Amino acid sequence: MGRATKVVLAYSGGVDTSVCIPYLKQEWGVEEVITFAADLGQGDELEPIRLKALEAGATQSLVGDLIKPFIEEFAFPAIRANALYEGRYPLSTALARPLIARRLVEVAREVGADAVAHGCTGKGNDQVRFDVAIASLAPDLKVLTPAREWGMSREETIAYGERFGMPSPVSKKSPYSIDLNLLGRSIEAGPLEDPMVAPPEEVFAMTRSVDQTPNDAEEIEIQFEGGNPVAINGKRLEPVSLIREANLLAGTHGIGRLDMIENRVVGIKSREIYETPGLLLLIQAHQELESLTLAADVLRTKRQLEMQWADLVYQGLWFGPLKEALDGFMDRTQIHVNGVVRLKLHKGNATVTGRASTDNSLYIPEMASYGSEDKFDHRAAEGFIYVWGLPTRLWAAKHRR
């Protein structure tokens with residue numbers, strides 16, 4: 001008897017998930033393998049991917065359009081949380097995993113599967129994200145992980161697939177592993193495993209090289225309501241279209257490339273190349289608007305919790321109780337984050353040149369001005385400073401004799 005009878009496999013069309021299909025059937029005795037491929041705005045035609053799964057031996061091959069929930073339920077909360085893992089990576093890939101896991105569980109319930117499966121290897125973050133998300137949503141459902149257990153190198157995996165007539169998409173000329181969705185692209189493997197090797201221009205697709213960007217700067221305005229971006233240059237856009245527009249604007253000016261050494265969940269460091277033009281642009285603008293509309297103590301506390309929020313998402317704990325509790329805090333802070341931020345895009349940089357909030361700005365010109373309109377009570381400062389510095393004064397009197 002096999003490890004499971006009917007399995008729903010998260011399918012991307014790549015080497016590992018394609019090889020999983022015959023492997024589950026031939027090696028583990030699975031009778032039916034149903035694949036599910038998610039459309040996350042990656043731009044691929046899903047029909048060839050669907051057919052590829054059937055050619056590899058899938059009993060049924062399903063595809064699903066998840067672009068709208070991906071942006072509204074996952075990307076926008078990340079923008080509100082200014083989510084940057086280790087201060088840099090805006091979680092473009094990590095945000096997709098809990099959504100895919102959620103839909104995987106739903107499909108498994110719909111078709112009566114007794115297990116789900118994925119093609120993640122034992123060294124990556126995605127295995128953690130899928131396993132933990134599925135356990136959070138359906139603790140009774142078995143999770144099969146052939147790529148983690150088969151012990152094959154990438155070359156051996158490709159060779160196994162060739163036994164079943166699968167052509168290899170990886171060549172000596174293009175040895176990279178690429179994951180993409182509407183929010184961005186992650187590129188790794190091949191020569192990039194040497195952290196001293198500069199990424200070649202061929203690995204980028206969403207952003208221009210700085211020397212190929214316009215010589216003239218472009219100023220844009222991004223409008224936010226309740227912490228969510230709603231308009232660019234005065235034109236209101238639904239969420240998916242807004243992300244596409246932000247990608248185009250930022251990418252045209254070479255904004256959004258990251259080359260970083262990253263600490264993976266499993267304890268190793270990895271070299272990652274990311275392209276996330278629109279997401280980074282929107283987070284930068286959102287942070288600037290918060291500096292105008294949030295009280296100082298709220299802003300400081302939020303900046304601390306943003307790091308934890310990003311860590312939780314990166315570590316696969318999207319559906320965990322702490323992440324959900326932090327969501328409540330983040331959402332409450334965004335009520336008054338309404339306004340417009342102006343940025344200048346030029347040669348790989350986005351520079352804030354203005355910010356305004358008609359109803360929620362905490363910047364009061366009359367209090368900040370040094371001119372004749374100054375309404376700040378300077379005389380109050382003396383008493384404030386005395387009380388503020390009293391603990392230090394008392395300590396000094398005791399210890400600096």
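Including glycine, each Cβ sits where the backbone N, Cα and C put it.
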- Identity of the ATP-site residue among Ala38, Ala83, Ala94 (reference: Ala10, Tyr11, Ser12, Gly13, Gly14, Val15, Asp16, Thr17, Ser18, Gly119, source: Swiss-Prot): Ala38
- L-citrulline site partner of Tyr89, Asn125, Arg129, Ser177, Glu262, Tyr274 (as recorded in Swiss-Prot), chosen from Ser186, Ser291: Ser186
- Spatial neighbours of Asn125 (L-citrulline binding site) that are distant in sequence (at least 6 apart) but have CB under 8 A: Ala94, Arg264, Val265, Val266, Tyr314, Gln315, Gly316
- Taking the Cα atoms as reference points, how far is Ser12 (ATP binding site) from Thr121 (L-aspartate binding site) in Å? 14
- Which whole number of Å gives the largest C-alpha distance between any two of Tyr89, Asn125, Arg129, Ser177, Ser186, Glu262, Tyr274, the residues noted as binding L-citrulline? 19
- Report the nearest neighbour of Ser18 (ATP binding site) in space among the binding-site residues Asp126, Arg129, Ser177, Ser186, Glu262, comparing Cα positions. Ser177
